[in-house]
Amino acid sequence: MPAAGEFDPLQSTFKRIHFTSKSFQVVLKGSCASVFRQLLSFIHWPRFPKRDHLFVLISVEEENPEFWRSSAQNTLRSALSRKLNSNVAKNIVLFLGDGMGVTTITAARILKGQLQNRSGEETVMNMDTFPFVGLAKVYTVDFQIPDSAATATAYLCGVKTNLNTVGVSAAARNGVCRSQKGNEVTSILKWAKDAGKSVGIVTTTRVQHATPAASYAHSASRTWYSDADLPTSAVTGGCMDIASQLLRNTDIDVIIGGGRKYMTPKGFPDPEYPTDLKAQGQRKDNRNLINEWLSMKEGKVARYVWNKTDFDAVDPEKTDYLMALFEPGDLRFDVERDPSMDPSISETTEKAIRILKKNPKGFFLLVEGGRIDQGHHDSRASMALHEAVALDDAVARGLELTNEEETLTIVTADHSHAFTFNGYPFRGNSILGKSPIFAMDLLPYTTLMYGNGPGHKITNNKRPDIRNVDTTDKDYVQQAAVPLDSETHGGEDVALFARGPMAHLFQGVYEQNYIAHAMAFAACVGTNQEHCAATAEPDKTPFTSIDPGSSAPNTPFGAMTTVMLSITMSVLLH
């Protein structure tokens, strides 16, 4: 006990330490709260606005080995009680996180928990509740590391192909129009339509972008969005732009995303941004594909909308066809989205399902969280992770609107990114924060970084000093090892989560093109229909919670040593 007037480090550091039977609370005060804020920042400030104090709830029950044994036993019992669902899949909902590699899933899981005032690591995502998980190999025929066009052709059309080509086999060459003739391959969206099902695409990018395009188009180049993008050789060779193929190739019931400017004549003013020249129509052929689409649906109830007010007014029960294009190009990032103008991916997913599910023969729906990828290319991890969280919310909405006995739901990615989760951050450290230990150059670094990208900045042979930088800001660009204008994809396997009829077919490690064949088998579309005549009675599949909660309660006792060590290291190093 210090004598009167002496400095007491504990009194200087802690405003209050409160113990309960299962946990203890630590409230740091004064300058120490500022020092430790980055280290222990999983409690969000809107709830505790006084920034000279920091509130922390430390879980201690996890120190008891019985906690982990009990948790493992519960998981084991769930696995042992699982029954295979061998029904025919009346419906298929494929959620595709563009660029959502395993590191992105892990980081998004932590972010989702921290947005709910949890530590984050123990959070359970909606996709985490899917009982069957596999790994898909994503290389293309010509490259080790793929792009979204070649991968979409693989998991939608069932064949691997070359980089930058969509809906064609590897016999086609990137950008060579004449090479695509005779090498077109069709997708599971078309197989489903041919089987009498309703079909739809929902994306947060333009609907002519690589992922949705592979479901309906055949193009030697993924960038031939409108006829204005076709090179002379493609025009003379008779190749058709992707936007035109959206109308011509397959009768798609629901089309939701962005891409208005590829559908209207050059100079046509955008309804939302009439004075923005970049938002104007781009077509050289003077066609208005939106009007053409509406005229093609004569005798049906077809709606075209471009804003949320009109979108909300669409009655799924009275609508046969819906085209909703909310931006001239890609949609806005979810954290920048104007909720009064643009619906969330959960809302668009719900509208699509409610329209499609009226078909007694079922439906196929592709839902793409496409801007995860674009956030990563910009090296803005916050943007990418919030997009992944939004996609996971859409997964929950999809599960609520469908019956697991008859609906196969899949969540996967096309490829990953050069994205790392590194250092030794303490439990509950902000996923967008900094490592508590400095690097050899005596500067801090974030726990999320990129192998390459625009975040590479060296001045006087030193990295930027980010001690006073808010790395949780949505526009913060994570540091990178190699300088590039745009961060690249990664080449490791991607995870696939499946539940519903024939979900067990997606276990193991397989080529990415297998996914299309397994989906087709499950739904009895395309080839492999020998098993479809006599199907098993629906199994009683045990209920799997979709509550994105926590695998560990926010409780329990001993972590005081860890906290004190954290504080000591933070004082010494920061």
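Glycine too: its Cβ is placed from the backbone N, Cα and C atoms.
Whatever TrEMBL says is automated annotation, not expert-curated.
According to TrEMBL:
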- Ser148: active site, phosphoserine intermediate (ACT_SITE)
- Asp98, Asp373, His377, Asp414, His415, His489: Zn(2+) binding site (BINDING)
- Asp98, His209, Thr211, Glu368: Mg(2+) binding site (BINDING)
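Cα of His415 (Zn(2+) binding site) to Cα of Glu368 (Mg(2+) binding site): a span of 13 Å.
Residue environment of Asp373 (Zn(2+) binding site) contains 31 other Cβ atoms, counted within 10 Å of its Cβ in all protein chains. If you take the Cα of Thr211 (Mg(2+) binding site) and the Cα of His489 (Zn(2+) binding site), they are about 15 angstrom apart, rounded to a whole number.
The separation of Glu368 (Mg(2+) binding site) from Asp98 (Zn(2+) binding site), Cα to Cα, is 7 Å.
The Cα of His489 (Zn(2+) binding site) lies closest to that of Ser148, out of the recorded positions Ser148, His209, Glu368.
Around the Cβ of His209 (Mg(2+) binding site), the same chain contributes Ser148, Thr203, Arg222, Gly257, Gly259, Asp330, Gly370, each under 8 angstroms and 6 or more positions distant in sequence. The binding-site residues considered are Asp98, Asp414; of these, Asp98 has the fewest other C-beta atoms within 10 angstroms of its C-beta. Each residue contributes its Cα atom, and for Glu368 (Mg(2+) binding site) and Asp414 (Zn(2+) binding site) those atoms are 10 Å apart. Those residues of the chain, other than Asp98, Asp373, His377, Asp414, His415, His489, with a C-beta within 8 angstroms of the mean position of the Zn(2+) site C-beta atoms are Gly99, Asp147, Ser148, Ile372, His376, Ala413, Ser416, His417. With a 10 A radius on its CB, His377 (Zn(2+) binding site) counts 21 other CB atoms from all the protein chains. Of all the binding-site residues given, namely His415, His489, the one with the smallest number of surrounding CB atoms inside 10 A is His489. Neighbours of Glu368 (Mg(2+) binding site), defined as other CB atoms within 10 A of its CB across all chains, total 29.
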